[in-house]
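Among the features that Swiss-Prot reports, S-adenosyl-L-methionine binding site is placed at Gly77, Phe82, Ala128, Glu129, Arg148, with the record citing sequence analysis. The region 'Disordered' annotation in Swiss-Prot covers 217-240.
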Amino acid sequence: MGVEWLVEKLQEHDITLNDKQKQQFQTYYELLVEWNEKMNLTSITDEEGVYLKHFYDSITAAFYIDMNQELSICDVGAGAGFPSIPLKIVFPQLKVTIVDSLNKRIQFLNHLADALDLRGVSVVHERAENFGNVRGDNRESYDIVTARAVARLSVLSELCLPLVKTGGHFIAMKSSKGEEELEEARFGIGVFGGRVEAVETFELPGDAGERQMIIIEKRSKTPKKYPRKAGTPNKSPLLK
């Protein structure tokens with residue numbers, strides 16, 4: 001299982017990869033394994049696992065939201081670049097901003113963007129609470145904000161929804177417990193200006209596990225007092 005497997009699986013969803021994109025994915029895999037020996041980027045390093053559980057899994061967001069247009073995307077807590085870098089490779093017109101609080105991951109992502117010759121990728125070393133506060137230019141400025149298995153949805157909603165422009169979407173990419181998390185997060189989602197538009201449940205190929213994608217539309221502006229100061233959303237999520 002490698003890049004040709006990815007090509008085949010994406011074609012089932014009318015997504016075609018050219019030679020440059022195939023090479024970008026292969027280089028991505030090689031750099032991920034190389035840098036992972038120096039720093040802990042991922043516990044999944046075998047080729048099959050990376051292509052399935054990182055690359056393919058990241059691109060599933062495009063099965064439910066049309067990415068064939070010029071969109072601004074902010075990826076909160078992207079770690080080794082998931083889901084935003086695979087999406088950027090497949091849809092090069094996307095304008096991507098990645099926010100991560102750990103400097104070593106920022107170093108990797110900057111190197112990766114250069115090595116893959118990606119244009120329109122900005123990597124920011126910052127906590128999401130600070131990035132989305134009322135004093136910055138980033139608040140309510142993105143068409144799509146993504147987060148993939150970073151924290152519970154009740155926490156992520158406070159970090160991500162302030163960054164989404166009205167009419168845009170927050171996409172939370174979760175495992176099989178996404179709907180469970182959604183129940184406790186519903187109150188906060190409403191407070192932050194969001195409305196649950198869809199919950200998409202699907203299986204990864206090869207019985208590799210269930211995934212749930214929670215798509216939240218931004219209906220109104222987030223009150224200025226959110227997000228609260230760094231660390232507070234995680235310690236005391238807004239549940240009711």
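Backbone N, Cα and C define each Cβ position, glycine as well.
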Secondary structure content, the region 'Disordered' (217-240) (per DSSP, counts of residues): 4 helix, 2 strand, 18 coil
Cβ neighbours within the same chain of Glu129 (S-adenosyl-L-methionine binding site) - under 8 Å, at least six residues apart: Leu159, Pro227, Arg228, Lys229, Ala230, Gly231, Thr232, Pro233
Residues satisfying Cβ distance under 8 Å from Arg148 (S-adenosyl-L-methionine binding site), sequence separation of at least 6: Asp57, Ser58, Gly77, Ala78, Phe82, Pro83, Met173
Conformational class of Phe82 (S-adenosyl-L-methionine binding site) under the three-state DSSP mapping: coil
Per-residue Cβ crowding (10 Å cut-off), top of binding-site residues Gly77, Phe82, Ala128: Ala128
Mapped DSSP class for Gly77 (S-adenosyl-L-methionine binding site), helix or strand or coil: coil
Annotated S-adenosyl-L-methionine contacts Gly77, Phe82, Ala128, Glu129, Arg148, maximal Cα-Cα distance (Å, integer): 20
